[in-house]
Every structure is written in structure tokens, then in C-alpha cells.
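**Q** Following this message is one structure expressed as C-alpha cells.
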Amino acid sequence: MAESTAHTSPSLNDKEREVDQGILSDESGPAEEVKETPDQERSVQGVRWLLICIAVFSANLLYGLDNTIVADIQGAVAGTFEEYAQLGWLGVGFTLGSVVFILPLGKAYAIFDTKWLFIGCLTMFAAGSALCGGAPNMDAIIVGRVWAGAGGAGMYLGNLNLITILTTPKEQPVYVGLVGLIYGVGCILGPIIGGAFADSSATWRWGFYINLIIFGIMAPIYVFLLPSLPRPAGEGRSFINRLRELDWVGTVLSAGMHVSFILFIVFGGVMWPWTDGRNIALYVVAAVTLIAFALSQYFCVLTDKENRLFPGEFLRNPTMIALYVLMACGGAALFVAVYYIPLYFQFVHGDSGIMSAVRLLPFICFYVATILLCGWLMPKTGYYVLWYLLSGIFMVIGSATMYTVKYDTKVANIYGYSILLGLGMATTQAAYAVGPSLVTPDRVAESIQFMNIGQGQSQLLGLAIASAIFQSETLSGLNALLAGKGYSQGDIQGAIAGARSTLLTELPADLKTKALDVIVHSIDDVYVMAIAAGALYVIASCFLPWRRF
């Protein structure tokens, strides 16, 4: 975290306790602005700073891309390996790796040299991408996705920490906003780039190999131009002692909780029935590890309050809780749109990967425009609660209109609906700027991590639940429709993988129309989750304080 200047606050006992905990109460208003002296400037300037920014932000762009790049190549990947039952893991695996590792890596950045930890995470990401690109089977690509996701989480946190350390307090809001914007742009460009590779002679494998090329180009900047940034909390202690400070009990329980719950969601209704004993066992394990994790954090088992994995002290601040919920709702709605708008066009219009991704452009353009407009106007107009309320209302309207889409809905109408949903994304990255204004300067990085946890967990759970809804409903619907028609379970699972399946093209016209009805109805049901996220977004916005940003 950046070296903070003196921070003052009223001497009321309640407020002093909040400051001691790194939190300011809602009544005290936002953290006072850190005044920047005229001689306070960045330690890195000029061309060197420009190159560092390009290299660091390129890593953030790659992280965003890899979150969603499989949205338009999953059909090609599943077709290559003829493994359709594990299709959901292509998207979920990356996000799972990110969520499991984001908490321990966040703590590691507080005690290890930021530069070398960042480079280590980049190397993990590149290694995982290499495994995905060269994967001989579906299991290998799933392992690669989880591995790359773990490294990607470290890349994202590294971006936030590097920006916080290397910029002045006055510059930080702008650069932190850029981190969120570039990540978001990467997420929505992922399907376009993935689709382009999947439809080209390069094949889907280059959707992963491209990461290695960019990493190779930027590596000299990371190694030779990025300054070494040892953390004060880790000074004077050996590598082993710093490792011991990490909350290993919390890390193991967090991993077990997330993995078992995602297995429960992804496998249920697809690999085996929801009531299967294996699925019930996974649910029980997830519940037990969740309770154990909460207890380990509350009682600081084999750790202390300073080093425990989850920053639980932020749960005492209602505004921070509301921002956490808002980040979660926004992340879930974003991933539903990015994954399922192209999927609709692949099925209904027979679009190629690149063409179906191009159909996202109305959503993309308004997403980017509203994020930029919000970042520029929100500090000028003040009361950020109004921006959040408007964003939530448009999220509900956009999701609700997407829910009404049928296989014969006009394309122009769908573009209009996606624009409404894009307008609802205006404040989905704003918490990265609002959150730090609510805490003392020495807790800024932790507040950003807190928001990132909400975003990452929602994307993981949202994507897993959406995949489970789509696959289970489509599978059961097509099984009922095509029963006795001579199609195997593998043929039907292949159809669910996307437009590359020949089953839909071979069906008689009337049967194809009914099959598309089943598929589109399943996609519509996925948007119910986005509607719920938007409704909760509006409710959570009402708990934000009516004060100026």
C-alpha cells in the first residue's frame, strides 16, 4: 500500500475506535482527503513510467480476457475432445482458481516484495495458459484453467498494489479506476477474440497461446524497469517466517468451501441427479467448511486479527457491506450478459463465434461509455447513491427485457435490450473508488481487496449457477422432445455445446423450432438470476449514505 500521510479525524470515542480498526463509521463521512504537498510526486517518471503502465495494464487486460474468452470457444473445445458434460468447467475453472487464491495472495502482497510476487503470478498465469493451449484432453484444459485463474488473481491484485504504491494519493483514484475499466473491457472483449481464433485456421488453442506472446513481450519491462518494492510489514523477517504469517487454516477451508460448492452446482443435474448421494455429500462438505471457515476467522485459529484471511472488520461498516453486495450483483449480471448473449445468436441465428461476439458490441459500447461517464461525473455531481440507484434500475429493466427474448425476436430489439443492460453496468466498478474513500489510508489496499472478493465470488457462483440452469434445463427439455427419435445422450449433449453440433441442423423444421424453443427458454431462465441481481442492486443502493463522494 502507498505510504500514507497523517490522517486526522474527530476525537469522538466511536470514531477513534473505527479509525483504529481501519474503518470510518457512516456518520463520520468519508475519509478525509490526503493532502498532497507540492514536492510529492511519483518515484518513477517519463518513458519508464509509460512503459510500466503499458506492461502492468496489459496483464490486467489479459486477466479480463481470460475470464470470458471461453464464452465463444467452448463449443469448439468440447467438440475437439468430445467431452460435453464438463463444458461448464471451461468458464468456472478459471474463476474458481481466482476466487480460491485471491484472499491468500492479497495477504501475501502485504508482506512480500510486490514486484517479484507479481512476476511469480504472471508466470503461473502463463504456465496455465500454455497447458490450456497444448491440452491433450478436457481434464488437462480444466487444470490449466484453474492454474491460470490462480495466477490471474495475483496479476489483478498486483495491478492494484503496484498502482497504490507507485502513484501519489492524488493520482490513485484515476489509476485505480483504470484498473477496473481495463479489466471490464477485457471481460467484454474476451468472447470476440476467442470467437475470432475459434473460427480461424489458428484454432481455439491460440486463444490461450496469445497470452504467452504478450507475456514474452512485456517480460523485460517487468524484470528490468519495474522497481523492487519490498513491503514494510515483511522487513527483517526471513522468507519462511513470512510464509508462516499467512493464514493457512483459513486458506485450506476457503478452498474446500469453494471447490465443494462449485462441484455441487456444476455436477448436479448434469453428471448425476441433484438427489444423488454424491451431490448431497458435496453440499454437506460445502456447508461444514463454510461454518468452519467462519469460525476460524472469528476466533483467529492459528493466526491473529491482523493476518487472518478475510478482512472481517469491514463487516462492521454497513456502507462497506452494501458496496460488497453491489460488487457481487454487478459481477453476476455482467457475466450472464457476456456469456449468454453470444450463445443465443449461435443457436438461433447460426452465427459463427466471431459474429456472435460482434453482436455484443451494443452492450460493450454502452458498458464502456457508462463506466467512463460515471467515473467522470460521479465525483462532480456528488451523491453516488443516485448513480447506484439508476444503475440498478437499468440493470433490472435490461435483464427483464432480455428475459422476454424468444427465438423469433427481432435482432434490433435484442440490441436495444442489451443497451439497457449495458446502461445498468455504470457503477459496477465504482466501488473501487468509493470504498477507499471510506477507510483510513493504510487500509485502502485491503478495502480494494474486499471489493474484489465480492466481485470474484459473484462471478464464480453466477457463472456456475447459470451454467447449471442452462445445461440441466436444456438437457431435460431436449431429452423429452427427442425421446424415441434415435438420438443418443452424446448427440444431445453435443447440441448443448453450441452451434457447431450437427444435431440442430439435421432436425426437421418443426422439430428444430421446438428444440430452439427449449434452448431459448433455458437462456431466458438464466436472466432470472440477472433480474434478481438487479433488484438486489437497487435494494443495496438504498443502504448507501446520502453524502457527497
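Even glycines carry a Cβ here, placed using N, Cα and C.
So Swiss-Prot lists the following for this protein:
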COMPBIAS  1-12  compositional bias 'Polar residues'
REGION    1-40  region 'Disordered'
TRANSMEM  85-105  transmembrane segment
TRANSMEM  116-136  transmembrane segment
TRANSMEM  146-166  transmembrane segment
TRANSMEM  178-198  transmembrane segment
TRANSMEM  206-226  transmembrane segment
TRANSMEM  252-272  transmembrane segment
TRANSMEM  282-302  transmembrane segment
TRANSMEM  321-341  transmembrane segment
TRANSMEM  385-405  transmembrane segment
TRANSMEM  419-439  transmembrane segment
TRANSMEM  460-482  transmembrane segment
TRANSMEM  526-546  transmembrane segment
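So where do these features actually land, and what's packed around them?
**A** Residues of the same chain lying 6 or more positions beyond the ends of the transmembrane segment (116-136) and with a Cβ under 8 Å from any Cβ of it are 59, 62-63, 66, 97, 105, 108-109, 143-155, 157-158, 161-162, 205-209, 211-212, 215, 222-223, 226, 228.
Using a Cβ-Cβ cut-off under 8 Å and counting only residues 6 or more beyond its ends in the same chain, the transmembrane segment (146-166) has close neighbours at 1-2, 42-44, 52, 56-57, 59-60, 62-63, 66-67, 93-102, 105-106, 109, 114-115, 117-118, 120-129, 131-132, 172, 175-176, 178-179, 183, 208, 211, 226-227, 229, 444-445, 448-449, 452, 456.
For the transmembrane segment (206-226), same-chain residues at least 6 beyond its ends with a Cβ under 8 Å from one of its own Cβ atoms are 48, 51-52, 54-56, 58-59, 62, 66, 69-70, 73, 115, 118-119, 122, 125-126, 129-130, 132-133, 144, 148, 162, 193-194, 197-198, 200.
Same-chain neighbours of the transmembrane segment (385-405): 326, 329-330, 333, 336-337, 341, 344, 370, 374, 378, 413-414, 416-428, 430, 520, 523-524, 527-528, 530-531, 533-535, 537-538, 540-542, 544-546, counting only residues six or more beyond its ends whose CB sits under 8 Å from a CB of the stretch.
Outside the transmembrane segment (419-439) by six or more residues, the chain places 22-24, 30-31, 172-173, 176-177, 179-181, 183-184, 314, 317, 319-320, 323-324, 326-327, 330-331, 333-334, 337, 362-367, 370-371, 373-375, 378, 384, 387-388, 390-399, 401-402, 446-448, 450-451, 530, 534, 537, 549 with a CB less than 8 A from a CB of the stretch.
Taking Cβ pairs closer than 8 Å, the transmembrane segment (460-482) reaches residues 87-88, 91-92, 95-96, 98-99, 258, 261-262, 265-266, 268-270, 331-333, 335-336, 339-340, 343, 489, 492-493, 495-496, 511, 514-515, 518-519, 521-523, 525-526, 529, 533 in its own chain, all 6 or more past its ends.
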**Q** Would you kindly list the residues that approach the transmembrane segment (252-272) from elsewhere in its chain, counting only those six or more residues past its ends and only Cβ-Cβ distances under 8 Å?
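**A** Same-chain residues near the transmembrane segment (252-272) but 6 or more away: 85, 88-89, 92, 96, 99-100, 103, 278-279, 282-283, 285-286, 289-290, 292-293, 296, 309-310, 460-461, 464-465, 467-468, 471-472, 475-476.
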**Q** Taking residues 6+ outside the transmembrane segment (526-546), which of them lie with a CB under 8 Å of any CB in it?
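**A** Those are 26, 318-319, 321-323, 325-326, 328-330, 332-333, 336-337, 340, 383-385, 388-389, 391-393, 395-400, 402-403, 421, 424, 458, 462, 465-466, 469-470, in sequence order.
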**Q** Give residue numbers and ranges for long-range contacts of the transmembrane segment (178-198): same chain, 6 or more residues beyond its ends, CB-CB under 8 A.
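**A** Distant contacts of the transmembrane segment (178-198): 57, 60-73, 75-76, 156, 159-160, 163, 204-207, 210, 334-335, 338-339, 342, 352-358, 360, 363-364, 367-368, 371-372, 375, 425, 428-429, 432.
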